[in-house]
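Asks: Okay, here's the structure, questions in a sec.
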Amino acid sequence: MGKNKKKTGKKAKSHPHVEDVDETVNKPEEIINSVNVTVPPKMSTDPEADGIVASPDDEGKDLSEGVDKQKVNDGLTVDTINPLEDKKAGDEMKELREEIERLKLELSHKKDQETPNEDFKNELANVIKERDEFKTQYDTLLSKISSMKSIFNKMKEAQKQLEEVQEQLTEYESQNLKLKKKLEATKTENSELQSTIVTLNTELENLEKEQESTEEVFLEYESRIEALEDEKHDIIEKHSKELNTYRKEKDQLNLQVQELMIILENNKQDISDLRTERDELRQALESHEKEKAVLKNSLNDLELKIEEVDNKREEEARERDQEVKSLRSQLDTEIETHNNDTEALESMKKQLEAMKEDASMKEKYEEESKQHILQIGKLRHEAIILNEHLTKALAMLKKSSDSESVDKELISNLLISFVSIPRADPRKFEVLELLSNFLNWDEDKKQQAGLISNNESKNSSAVSRTESFVSLWTNYLEKESEKD
């Protein structure tokens, strides 16, 4: 009982009181996890033989055997396993290496925490023997791995052995289920052990006091251990080359872990800063949203009023625009049809003159002239219909329009028609008169344009100036339609 108290007291110094018992109870879970990763071909399933809490030495032996046999099985199935299984085997090797390093650390930790009594030497000797056995097992493991390289070429034998391994795996799965049942039993015992934590804590406090007195004696034993380690150093040098590779990998992993920890700390600081900024922004957003809600209410009221006014104006403008657009389109089509008719008539006249000269082609030209006459009749009929529509639209426009404004397209059409009409045609004078009324020319400009002479300018005062531009425009269109 005294030995157990001293051991638990040393563990209490390096770990918290509550975590000590949890660590001893959770060791079966680690053993089961190692079995799941690297299942040895032979494992005792006797529940009485297996302890609930395995000692570090037993764990080291079991793990070394598991490593040995798992590496052999991995060597047998290298050529037949797919790339995913190769990756899994590599992961298992890494886990085995980590288990070996952990066991070494536990052994060194155990050396540091051993009590200075007569049993210490025996236990130290046992630990050294176990370490030597572990090293011999490790050497045998390496020799077996090197010997298995020659077997890789034998694919048929490897496949047979793979089938045997698969059968063993089924057995191991059944053993794994048994171990899981043991784990459940350990969990129940864990609940019972937690009840004893209070009593153990009191004992640990007493043991800590005893430990302080034994530390001085422990220093002497450490000096003796150092002498033994010097003797051990010659043996370790043989394995230093292989261990250096593992240490380099471990150092690289430690550096990566440190870098990741630094990155995590920086990220935590950044996250805290961002959270404070987010809270400030949320407060500002809430205040802005309140102001925005007030402004939205006022804006909605204003927008409703503006929409009502705009809708009224848009409806009026649309009606006027539609009327003007319809008039423009009709006017443009009328002008185009009129120009086409004039061109067709001129071409027909030329053709008729040519037909008089060529008597032999008379019949052919007569048929063509008849077709053209029919087309001209159709075009005139369409022009009459369009003129009727125009007169009706202009009459409606004359009634509805109060303003004397006309857009730029109308002015451009008037100018084009003025330029295209020949000088002898009286329509040119009418178009010029429309432009003068639209642009509100005075008498001087009209005289310069040739609309009125000096005598007519005196009599122009008697003419009524109240006649609007729209009325002149409608009269002009009516005259054009009558001529057509």
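Heads up, the Cβ atoms here are built off N, Cα and C, so glycines get one too.
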Asks: Between S150, S412, S420, S468, which does Swiss-Prot record as phosphoserine?
Replies: S468
Asks: For the set S64, S108, S457, say which residue Swiss-Prot annotates with phosphoserine.
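Replies: Record lookup in Swiss-Prot returns phosphoserine for S64.
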Asks: The coiled coil (84-383): mean pLDDT?
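Replies: Mean pLDDT, the coiled coil (84-383): 76.
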